[in-house]
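Peer 1: My structure is below; once you've seen it, I'll send some questions.
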Amino acid sequence: MKPNRYTFLVVPNHDGKNRRFSISRTGTIFILFTTITILATMVLSLIYMTPKALDQQRMKIEYDSLIGERSKVLTLYRDLERLKEVERMLQKALGTNLGESKVLGDKLVDQSNSSSIILDSMTFIPSLLPVDGIVTQEMIDNQENDSRKHFGIDIAVPIGSSVSASASGQVVFAGHTTELGNLVVIYHGNEYFTYYGHNTAILVNPYQQVMGGDEIAKSGNTGESSGPHLHLEIWKEGEAVDPLLYFPTLNQSNMSVDKHG
């Protein structure tokens, strides 16, 4: 025969009066059911909320990364605008057009940090190979498919190879990006910019003046990269141009699957 009531005895650790209370069988079942329900609800809530908390944390990390990238882009844009203004001032002071002149000779350009550099227009056109390697990917400018666009060339080289500036200029960006990893961007004047991506180490700083042939980085495999190589881009007046037009000798080692001709 099942008992109708359950009696519980509470005995204190120290001297004191024992307490006795009894609960009906129905009340005991109700308490057990309520306790199990509460515990089950807590476990299910934990199982449900944990992934959401992780997703929120991941989204926050991605958001912070995006804000950081946008901040870098904004800083780069401001730097480029400042450099363009410097170039316009130089053109006005010299009374000539830098884009039409083949050789300007030695000119002094004042920088915001009171430093100066001797300029020669021919040294500011990308003409020096930044690395000696094999071209594994050509430039792709697919107007119909943005996912197929590749704004420069990839040159396969061992990790740690010396990366040199292809022309004289000023470093306007030196830092990490999601796509191109450790990236160096140099402004050469006359609307020329060069990009050097996927480096394992950066050896220059923003606003630093460099001469053509100066070591600016060590090649690597950072960012969205499938193997050790240097990603090289050349931009002229806001448009990407094919680096192979400036470095025709690279055609001799062109192994790109998208090779023209």
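Quick reminder: no glycine exception, Cβ is built from N, Cα and C everywhere.
TrEMBL entries are annotated by machine, without manual review.
Computed from a predicted structure; not experimentally measured.
So TrEMBL says this about it:
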type     : residues : note
TRANSMEM : 29-50    : transmembrane segment
DOMAIN   : 149-243  : domain 'M23ase beta-sheet core'
Peer 1: Please work out the mean pLDDT for the residues of the domain 'M23ase beta-sheet core' (149-243).
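Peer 2: Result for the domain 'M23ase beta-sheet core' (149-243): average pLDDT 93.
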Peer 1: Based on DSSP, tally up the residues of the domain 'M23ase beta-sheet core' (149-243) by helix, strand and coil.
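Peer 2: Summed by class, the stretch gives 1 helix, 54 strand, 40 coil.
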